[in-house]
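Structure record follows, encoded as structure tokens.
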Amino acid sequence: MSLDISNYPVLAQANTPDELRQLPQAVLPQLADELRGFLLKSVGKSSGHFASGLGTVELTVALHYVYNTPFDRLIWDVGHQAYPHKILTGRRDKMHTIRQKGGIHPFPWREESEYDTFSVGHSGTSISAALAMAVAAEKEQAGRKVVSVIGDGAMTGGMVFEAMNHAGDLHNDMLVVLNDNEMSISENVGALNNHLAQLMSGRFYTTIRESSKKVLEGMPVIKEMAKRTEEHLKGMVVPGTMFEELGFNYIGPIDGHDVDALVETMRNMRNLSGPQILHIMTKKGRGYEPAEKDPIGWHAVPKFDPSTFEKPASKPSNPTFSQVFGKWLCDVAEKDDKVLGITPAMREGSGMVEFSQRFPKQYFDAAIAEQHAVTLGAGFACEGLKPVVAIYSTFLQRGYDQLIHDVALQKLPVLFAIDRGGIVGADGPTHQGAFDLSFMRTVPNMVIMAPSDENECRQMLYTGYCYREGPTAVRYPRGSATGEPQVEEMQALPIGKGLIKRQGQKVAILNFGTLLADVLTAAESIDATVADMRFVKPLDVELVKELASSHDLLVTVEENAIMGGAGSGVLELLQQLKQPMPVLQIGLPDEFIKHGASGEILAELRLDAAGILEQIEEYLK
């Protein structure tokens, strides 16, 4: 997307932070306006994360203006809000390629730019990384500064407080910017707090504060009284006592859309010693009315025309697997008030909006705290309740210890509805659901199911709901289901039993999951037998034995890492049965899968019908 200089006269002079820092401070408000306008048009053409970036425009300008990036380290938590950062760090003309195959990465990415000092995608990691860089900077003694930017949502994660507790103890110089976009800030409160922040971060206040500490070192009783008095006085006007208790000097809250106030406050804070936290108030979706009114709905958008003030109407399609899950959850909750739905801050994405509205007392949003969400489910199961933990595959990784220690070890009947299993597409390697079958297979007492369509998904969810001998997992992909007519009656499936979907000869394909349609298409060309295995664990032992004894080659197909996945389970079983035979494993390779459209990625990995057939024919040569 080339830049029309007539529409962006200041932005045209700020293609890099070095150029930005040459501009007079007086033009920064205009730069912010132009940057917001450019972001609006570029995301409209490319699709992508939208509302978060609109809310961090002034912050991004101020950070790169005050800090000498990339020498000074700037770390963005999660990265949804980093589009303005990408625009100002030499990637402006490539923004139209973001999240597309071969285009720039959806999140800050070390391989992409020296300004992206830490690759991100999951929340709550920035302060730990920043602390490490601050320790390294102190050892280096080159005057390097370190800044972490984290949103208020990520502050619900336990890792954040672990890092802050450690930072307060080590006391290295670092700044944490808390971007609080839960509410807009009124003009009066904004003016008051902007003034207080500049006063409290200024040289006069901090000199008195530090000098007083030195004077009182030998008088611990008076020192403690003075500390409590300071905290009390600050607590009367600012909500920072909690951060002070963790060892941080708290400044704020200030208006995160006042670029001049941000610059002045950061200039003051740049020279403060020890860990600092700057609390700013922003509005998600700032500058675009529909996104301001509905920041969740405009969090990520398809391609759209900003001038219409609405997203394009979605084309009629089959329901998504997330919607299938959400409807199933409502169906069982209508008949059983012991059913509880748990999500770690993914209500919309997991299809739980209707459930949360209809059954508010049975709905629990654990916030961005996957470990807590899993153990919350374990506790409910201990009391005879029926917890369903709806979680993305990539985020279940964060609750793996709890899955083992708190759920499986105690054989607790917790049902895991695992969304985004397999290729998720545009969000890239931090979000692909590549590993869940592999890491769950190793856990004793687990029952793992992979549906081939939405009806199997409903039946498997019901199977997990009925199963009381231990934890169960139903793993399904992102996106639309296959369009199978819904079977209303739900019946529990026999545990560990698959189905023959096509009878052939010589080659038997064991399918795990929603690639079944492609597998059946490939099988037609070579007259292969196709089995819908349904259960990854326990495997259908009798079916595997039968197929192995009547065919020359077994082929396993899964949208999961080959290493340790369902195919590995088949190989292990054959070894136990002392029934060795050729097995071709088809799945995700031993690499992190890059971003792009899901269909493009599956084709590139040869996991579409043509690719599956090609791999089998190559093996048979």
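Even glycines carry a Cβ here, placed using N, Cα and C.
For H80, G121, H122, S123, G153, A154, N181, Y288, E370, the entry in Swiss-Prot reads thiamine diphosphate binding site, with the evidence type sequence analysis. Within 10 Å of the C-beta atom of H80 (thiamine diphosphate binding site) sit 26 other C-beta atoms, taking all shown protein chains into account.
A coil conformation is recorded for N181 (thiamine diphosphate binding site) in the three-state DSSP classification, outside any helix or strand. For D152, N181, the entry in Swiss-Prot reads Mg(2+) binding site, with the evidence type sequence analysis.
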Which has the fewest other CB atoms in a 10 Å radius around its CB: H122, D152, G153, N181, E370, the listed binding-site residues?
D152
DSSP, reduced to three states, assigns E370 (thiamine diphosphate binding site) to helix
